[in-house]
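These features come from TrEMBL:
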type	residues	note
TRANSMEM	26-51	transmembrane segment
DOMAIN	41-291	domain 'G-protein coupled receptors family 1 profile'
TRANSMEM	60-82	transmembrane segment
TRANSMEM	102-120	transmembrane segment
TRANSMEM	132-154	transmembrane segment
TRANSMEM	201-226	transmembrane segment
TRANSMEM	238-256	transmembrane segment
TRANSMEM	276-293	transmembrane segment
């Protein structure tokens, strides 16, 4: 009888980052700035990769994919968070909540898979340069990109379907700035052990497998460079093409490991929120800066386009 009296939740309330009024205005301007930086920076890279013939190479095709993904990734959570800073706690419909959860995990898992593909590209370019154009042909690049997006989509669909099947029948206050799995599992009034197992096992696999591939690629690169390349200049030239990618990997993986890999008991702590914030709002804004500051080809292509406009 008690169960019959409980109403089914049709919307959730996102509690956001803070209740302190002064901080809300500061956060609004900070995250608006980061969001605009992400849109402009990543938008510029996508435009360059499409319109600059010199950048029609596998490395930049994959970078274009990454930038495109970062635009969507920050758009999934940041605009809703910004309205929360302006107007207080945000309500989100059940369907909207599931969509947010789906796209966040779809784009997040696609990103780690794309980073692994980019590491493989660097491995082939440095360790097997003569076969590079055959191994990383346009068809192979397209196939690798489609595989990354497809696997990310399947992974996210599993989570969104499993979460949408749970029963929510009372509390609807989500202690987060968007609908993530852990805070939603805390609100469910049906068993969540299967969901939790999937989160711990499958999501850890999705995060760890690409990471292992990245580490292996770079181990091969380091061994190859120190064995086969004799000059300091040659070694530096080989490593310099990897620095941007390695920085982006570190920025994404350090927070991801903090957040998802320890077997979680379903408690969405403040740390979870802060860490998620790092890779959903901060990293997408930094990625284009890292690639343009470190990369001569991107810088000169950008300069050329700006000069043409002026």
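Yeah, the Cβs are placed from backbone N, Cα and C, and that goes for glycine too.
Long-range neighbours of the transmembrane segment (276-293) within the same chain, counting only residues 6 or more positions beyond its ends whose Cβ lies under 8 Å from a Cβ of the stretch, are 17, 31, 34-35, 37-38, 41-42, 44-45, 63, 66-67, 70-71, 73-74, 76-78, 81, 104, 108, 176-178, 180, 244, 247-248, 251-252, 255-256, 259, 299, 302. Outside the transmembrane segment (132-154), and at least 6 residues removed from its termini, the chain residues within Cβ reach (under 8 Å) are 58, 61-62, 65, 105-111, 113-114, 117, 120-121, 124-125, 206.
Counting Cβ pairs closer than 8 Å and at least 6 residues apart in sequence, the transmembrane segment (238-256) and the transmembrane segment (102-120) reach three or more and so form a contact.
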